[in-house]
Amino acid sequence: EGRVEVYHDGKWGTICDDQWDDRDAEVVCRQLGLSGNPKALSWAHYGQGSGPILLDEVECSGNELSLDQCKKSDWGQQNCDHIEDAGVSCDPFTGTDLQLYACHMWSGTVRLAGGRSPSEGRVEVYYNGDWGTVCDDGWTDLGAQVVCRQLGFR
């Protein structure tokens, strides 16, 4: 998650949040190789950028593979200030699997089971009085990093 910045013509810049919505966020997340429940954030939710504002009036259908394929203003053509910098949250933990969702929403006990050492194994979470496994739909290295940090591994 964070402020969306794009690289064009040798420089990094931000995107104005005019017309910015969850369909645009879906394309950004896809372009970054992230799955989950994309959310568009506006009004410099993740802080104001610096440098040029490179895109404005981005309007994706949600099916594009990259922002380049979306309807948008010409590069550098905008009427914004950095207070309108667009942001995105590509949350890999939100999905239809209840246990995966619960793991994100709750900060309880997690353990690794069935591994050859204490630092590997099947991820299990304690929720609502029971231990359960975590479905791998949408599971990424980011999820593994969260579990490892929660268990005290680096």
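Glycine is no exception: its Cβ is also placed from the backbone N, Cα and C atoms.
A TrEMBL annotation is a machine prediction, not a hand-curated record.
The domain 'SRCR' annotation in TrEMBL covers 1-91 (among others). Across the range of the domain 'SRCR' (1-91), the DSSP-based residue counts are 16 helix, 28 strand, 47 coil.
Residues annotated as disulfide bond in TrEMBL: Cys16-Cys80 (among others).
Taken from TrEMBL, the feature disulfide bond covers Cys29-Cys90 (among others). For Cys90 (disulfide bond), applying a Cβ distance below 8 Å and a minimum sequence separation of six or more within one chain yields Glu1, Ala25, Val28, Cys29, Leu32, Leu34, Ser35, Gly36, Pro38.
The disulfide bond annotation in TrEMBL covers Cys60-Cys70 (among others). Cβ neighbour count for Cys60 (disulfide bond) (all protein chains, 10 Å cutoff from its Cβ): 23.
Annotated domain 'SRCR' per TrEMBL: 110-154 (among others), in sequence order.
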